[in-house]
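Lifted from Swiss-Prot, the feature list:
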BINDING   K180, R195, Q202, Y260, N351  RNA binding site
REGION    1-375  region 'RNA packaging and organization of the helical nucleocapsid'
REGION    1-36  region 'Homomultimerization'
REGION    1-403  region 'Ncore'
REGION    373-391  region 'Homomultimerization'
REGION    404-525  region 'Ntail'
REGION    418-492  region 'Disordered'
REGION    477-505  region 'Interaction with the phosphoprotein'
REGION    506-525  region 'Disordered'
Amino acid sequence: MATLLKSLALFKRNKDKAPTASGSGGAIRGIKNVIIVPIPGDSSIITRSRLLDRLVRLAGDPDINGSKLTGVMISMLSLFVESPGQLIQRITDDPDVSIRLVEVVQSTRSQSGLTFASRGADLDNEADMYFSTEGPSSGSKKRINWFENREIIDIEVQDAEEFNMLLASILAQVWILLAKAVTAPDTAADSELRRWVKYTQQRRVIGEFRLDKGWLDAVRNRIAEDLSLRRFMVSLILDIKRTPGNKPRIAEMICDIDNYIVEAGLASFILTIKFGIETMYPALGLHEFAGELSTIESLMNLYQQLGEVAPYMVILENSIQNKFSAGAYPLLWSYAMGVGVELENSMGGLNFGRSYFDPAYFRLGQEMVRRSAGKVSSVIAAELGITAEEAKLVSEIASQTGDERTVRGTGPRQAQVSFLQHKTDEGESPTPATREEVKAAIPNGSEGRDTKRTRSGKPRGETPGQLLPEIMQEDELSRESSQNPREAQRSAEALFRLQAMAKILEDQEEGEDNSQIYNDKDLLS
């Protein structure tokens with residue numbers, strides 16, 4: 001049997017092992033797409049600011065093709081370094097694209113004010129064609145996506161400090177797009193705006209240089225569909241992290257935004273470790289979790305083998321990302337989600353709609369948190385040198401804090417997962433302050449009642465006005481039997497919630513033609 005267990009552990013390690021280079025050693029190269037990337041040909045701030053102005057206009061052109069937009073974004077992302085050309089050549093190793101660097105200098109003869117540097121050849125017309133945003137036939141200027149403040153005519157500056165602040169304001173918005181461009185592009189606008197407000201308050205960016213929605217949507221879509229652009233952005237992040245000593249201000253800002261980008265798409269794996277394993281609840285000893293705990297251990301080893309690119313595996317479309325899906329450990333994931341929604345209010349908005357989601361293990365996680373509230377881990381207590389008296393004091397304080405937290409009932413966590421809660425039995429004494437019993441009070445208010453619900457969510461044969469007095473009477477009896485002031489406060493709050501519930505049911509009864517289903521999120525949000 002011991003040999004079998006050793007073989008099983010070895011099998012799991014080899015199964016989830018990262019592939020190693022072997023064979024002939026030749027790299028597989030695809031058909032490369034040529035991308036032109038304009039870079040400044042001198043160190044003049046005027047040249048850089050003028051190039052940035054043209055690049056922002058090109059990115060806002062609704063008719064720009066994908067390859068050209070990728071080159072524009074690569075050029076824009078590398079403008080903050082002293083030698084953009086060297087940076088691009090050093091970090092670019094993409095089997096799908098071939099980057100052609102073109103130096104750009106000032107010109108008084110071209111319409112764009114820029115031209116391609118060359119030895120004797122006149123490339124003003126080529127530069128005007130590249131930077132042009134005019135229509136191909138009429139010659140009239142199209143409406144391009146620009147800044148929200150349309151009073152901004154151009155962004156050409158001559159001072160280095162002004163240019164750095166202007167460039168930081170634009171690059172911050174581009175880097176913020178990467179955080180959810182792959183995982184949740186349709187719902188990314190709200191979180192992107194919150195992060196923009198954060199950097200505006202920190203004076204890292206200038207608020208009036210907020211790009212309009214069309215510009216941001218176009219760039220976000222390009223980041224989502226172009227793997228080569230994402231590879232460049234991840235390589236740039238890793239190169240900045242490896243840089244020793246003090247970094248440029250824009251580089252530090254990129255590292256700060258990276259905290260939102262890192263581990264994108266790996267929430268199931270990371271949260272399972274955080275809430276399922278690190279909490280160290282005794283439920284981990286269940287036989288049902290034995291196999292999945294072994295799987296998690298193998299995945300953690302694989303994560304470490306991938307090295308510095310592991311947190312970006314989803315952004316880089318690494319095929320190994322499927323191994324980290326919650327479908328590989330559904331019971332442990334369901335249990336961890338139950339623990340999470342009880343410990344953190346922010347977990348209430350997480351989407352649990354998965355085919356492998358198990359409500360029983362979700363409730364197991366919830367109950368472990370509730371029944372373990374106020375208990376002190378003996379292992380951690382021994383490690384920290386906590387005495388038995390101190391542990392008892394901590395348990396008492398934690399229990400009181402947990403009761404107050406239940407009374408407050410803040411946050412959307414229970415409202416989001418109310419369909420998973422146990423319903424109280426007929427003979428059980430309800431606890432008025434908890435949301436589960438408040439929800440269960442309406443269908444289980446009296447015995448012998450026809451609890452079959454109509455389409456609108458109301459009990460048949462009963463109106464909210466008839467139902468509320470019975471619930472109020474039960475609540476009065478519960479209040480009279482309790483001498484604890486905290487219990488009295490709970491009962492008062494429960495009564496208020498039940499009255500609000502009755503009001504909602506009355507509104508639904510008035511609009512009988514409306515087929516909306518009663519949802520307790522309207523009350524508890």
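Every residue gets a Cβ built from N, Cα and C, even glycine.
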For Y260 (RNA binding site): intrachain residues, at least 6 apart, with Cβ closer than 8 Å: I176, A179, S191, R195
Q202 (RNA binding site): tally of other CB atoms within 10 A of its CB: 10
Arithmetic mean of per-residue pLDDT over the region 'Ntail' (404-525): 48
Largest separation between Cα atoms (Å) of residues that the record links to RNA, namely K180, R195, Q202, Y260, N351: 32
Local Cβ density at N351 (RNA binding site) - other Cβ atoms counted within 10 Å: 9
Structural state census, the region 'Homomultimerization' (373-391) (DSSP three-state): 11 helix, 0 strand, 8 coil
Intrachain C-beta neighbours of K180 (RNA binding site), sequence separation six or more, cut-off 8 angstroms: T187, A188, S191, E192, A264
C-beta crowding around R195 (RNA binding site), within 10 angstroms: 17
